[in-house]
Amino acid sequence: MQNNLSEKMKPNKLKCITTFFILYLFNQNAHSELQVGYYSYSCSMAEFIVKDEVRKGVTNNPGIAAGLVRMHFHDCFIRGCDASVLLDSTPLNTAEKDSPANKPSLRGYEVIDNAKAKLEAVCPGIVSCADIVAFAARDSVEFARGLGYDVPAGRRDGRISLASDTRTELPPPTFNVNQLTQLFARKGLTQDEMVTLSGAHTIGRSHCSAFSSRLYNFSTTSSQDPSLDPSYAALLKRQCPQGSTNQNLVVPMDPSSPGIADVGYYVDILANRGLFTSDQTLLTNAETASQVKQNARDPYLWASQFADAMVKMGQIIVLKGNAGEIRTNCRVVNS
């Protein structure tokens, strides 16, 4: 009788084990994937708090919007989207933020600091700095009149930040289309997405040092980049005089609408008024040139594709589960 009872119980026991295993795998997968509304229960006001701080920052200085979008880009391209760009240098290490690629051009740190302080006051140890950067970039696009989008969250913060990484992982303004395509491919992004994300240059400014080589002593045969519209080059020369020692001289990247996320960037490229070599080079390849023309004609298409590309970029090598940490202060790793 006992043996018969045991035999009957075996299938039920197996079903229970199988069900438990499936639920376990589902739970593990849920925690390993980024999710829209990730903080809905643990810190329901998280995205509202970040957006309010971005609004304050952009109200005080509209250029902060471009800075926060660029911050997200520079964060994700180095070690993935782990807020390594926010870590301060130490006596023994120069961090990403203090590399020539980021200093003095990267800005908006105070917006992230303020948002983190507010979040720690209401939801201590819950919201990662990496997610704050991703939310802030999205909000900045919206405040620049771009298309909003949902941000999957659940990133954790990294513990390493090396200035040396910026030399190999960030595209300099001198890159040609092939170099850009290869670098973006290493991050899992297509050539189309590279052209789309380059449109972020529709807002913001650049220091003269980033493009002055196109204006003076360009090559042995030409002092000025021949692909640059002459009248635009003349304007840039007035704004960035040769031999100037003023490190603070800046110009808008999209002169016609520097604070609006629109397709003016692509219109400028078609007029040979791309500020960087890495902008104008998009016309040297048939496929990327075709996309530039398409974006210039269809603002909504670009805005929609830009939102999708930002979401994809925001998922480059993210730390999840028990990897990394949730920093208390975005500038330093937890002790």
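Just so it is clear, glycine is given a Cβ too, placed from its N, Cα and C backbone atoms.
Keep in mind the model is a prediction, meaning the values are calculated, not measured.
Around H74 (active site, proton acceptor), the same-chain residues six or more apart in sequence whose CB sits under 8 Å from its CB are V85, E96, A101, N102, L106, T166, L170, listed in sequence order. What TrEMBL lists as active site, proton acceptor is H74.
In the structure as shown, the Cβ atom of D82 (Ca(2+) 1 binding site) sits within 10 Å of 29 other Cβ atoms. What TrEMBL lists as Ca(2+) 1 binding site is D75, G80, D82, S84, E96.
Non-local contacts of P171 (substrate binding site) by the CB criterion (under 8 A, 6+ apart in sequence, same chain) comprise Q179, L180, L183, F184, S278. Feature annotation from TrEMBL assigns substrate binding site to P171.
Taken from TrEMBL, the feature heme b binding site covers H201. Long-range Cβ contacts of H201 (heme b binding site) within its own chain (separation 6+, distance under 8 Å): M253, D254, Y265, L275, F276, D279.
The Ca(2+) 2 binding site feature in TrEMBL is assigned to T202, D254, D262.
The disulfide bond annotation in TrEMBL covers C43-C123 (among others). Sequence-distant neighbours of C43 (disulfide bond) (same chain, 6+ apart, CB under 8 A from its CB) are L119, V122, C123, I126, V127.
Other Cβ atoms within 10 Å of the Cβ of C76 (disulfide bond), summed over all protein chains shown, number 29. Summarising the annotation, TrEMBL assigns disulfide bond to C76-C81 (among others).
Around the Cβ of C129 (disulfide bond), the number of neighbouring Cβ atoms within 10 Å comes to 30. As annotated by TrEMBL, disulfide bond applies to C129-C330 (among others).
Look at TrEMBL and you will find C208-C240 (among others) tagged as disulfide bond. Long-range neighbours of C208 (disulfide bond) (same chain, six or more residues apart, CB within less than 8 Å of its CB): Q239, C240, S244, L249, V250, V251.
Annotated site 'Transition state stabilizer' per TrEMBL: R70, in sequence order.
Surrounding the centroid of the Cβ atoms of D75, G80, D82, S84, E96, where the record places Ca(2+) 1, the chain contributes additional residues within 8 Å, namely C76, I78, R79, C81, A83, V85, A130, G158, S161.
A Cα-Cα distance of 7 Å separates C76 (disulfide bond) from D82 (Ca(2+) 1 binding site). Within the set of recorded positions T202, D262, C330, the entry lying nearest in space to C81 (disulfide bond) is C330 (CA atoms).
Note: the CA-CA distance between C129 (disulfide bond) and D75 (Ca(2+) 1 binding site) rounds to 11 Å.
Cβ neighbour count for C330 (disulfide bond): 23 (other Cβ atoms within 10 Å of its Cβ, all protein chains included). The closest partner of D82 (Ca(2+) 1 binding site) among the recorded positions, by CA position, is C330; the full candidate set was R70, D262, C330.
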